[in-house]
Amino acid sequence: MSIAIAGFLMGLSLIVAIGPQNALIIRQGIKREGLIPILVVCILSDVILIFGGTAGVGALVDRAPIALVVLKWLGVAYLLYFGFTCFKEAFKRHGQALAVEQSEPVAYEPVADASSGVITKTRTKAQPKSAQRTWVKPVLAALAFTWLNPAAYIDVLVMLGGIANQHGPDGRWVFALGALCASLTWFPFIGYTSTRFSTVLSRPAVWRYINIAIGIIMMIMCARLIMH
């Protein structure tokens, strides 16, 4: 049990700090768009990284520094792009600001009355063309923030995997499960907490400051990547 708790605390220490992943989850939780797919991507990515590191894949990453350099600059480019979109959304006019609670769109469909032969229009719920695709961009962002981030490979594959292997052949997997429980707890917590308070947080003035804060976080993470 103590090994699992150690793994949980280690995993929590790596993901609690506000970084690109957490910022994205909070942002989409407030918007109520694509939250579940993002949580699935983040958790499955951690499953791969944590168990890959525990299995010893981190040693391969340590021997391929050029791969980390390529990932570094791809990550820098994406962080700059995402930060720009946050600043752009922050400075939209109030009329274009996020609205979480909107009335459902409706459409009118012609319906023929069999007895009178008169055609009337019936009010039905309209299906937005892009409604089923709102999760695509956030999911791609989650994938980019995870797999184009060299820190994910160093912190999880190399460092966490190395610490896990100090607990022996059996104990290392208990440690890994503890670390995974941290991801299973933290990501849904911040996502659904953001959704719970989305009515307040999505007000134009608040949403503007949130976007500015996330944009600044992206720029800080970008600078950290460049300097490492």
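Here the Cβ of each residue, glycine as well, is placed from N, Cα and C on the backbone.
The transmembrane segment annotation in Swiss-Prot covers 4-26 (among others). Nonlocal intrachain contacts for the transmembrane segment (4-26), taken as residues 6+ away from its ends with a CB within less than 8 angstroms of a stretch CB, comprise 35, 38-39, 42, 46, 50, 79, 82, 138, 141-142, 145-146, 149, 155-156, 160, 163-164, 174-183, 185-187, 190-191, 194, 210, 214, 217-218, 221.
As annotated by Swiss-Prot, transmembrane segment applies to 38-60 (among others).
Residues or ranges marked as transmembrane segment by Swiss-Prot on the basis of sequence analysis: 65-87 (among others). Within its own chain, the transmembrane segment (65-87) has Cβ neighbours under 8 Å at 20, 27, 141, 144-145, 147-150, 153-154, 211-212, 214-216, 218-219, 221-222, 225-226, 228, counting only residues six or more beyond its boundaries.
Through the fold, the transmembrane segment (139-161) approaches residues 10-11, 14, 19-21, 24, 34, 37-38, 41-42, 45-46, 49-50, 52-58, 61-62, 68, 71-72, 74-75, 78, 82, 179, 225, 228 of its own chain, all at least 6 residues removed from its boundaries and within a Cβ separation under 8 Å. Marked as transmembrane segment by Swiss-Prot: 139-161 (among others).
Marked as transmembrane segment by Swiss-Prot: 171-193 (among others).
Per Swiss-Prot, the feature transmembrane segment maps to 205-227 (among others); the stated evidence is sequence analysis.
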Sequence-distant contacts of the transmembrane segment (38-60), meaning Cβ under 8 Å and at least 6 residues beyond its ends, amount to 11, 15, 21, 24-25, 28, 135, 138-139, 142-143, 146-147, 152-153, 156-162, 164-165, 172-173, 175-176, 179-180, 183-184, 187-188, 191
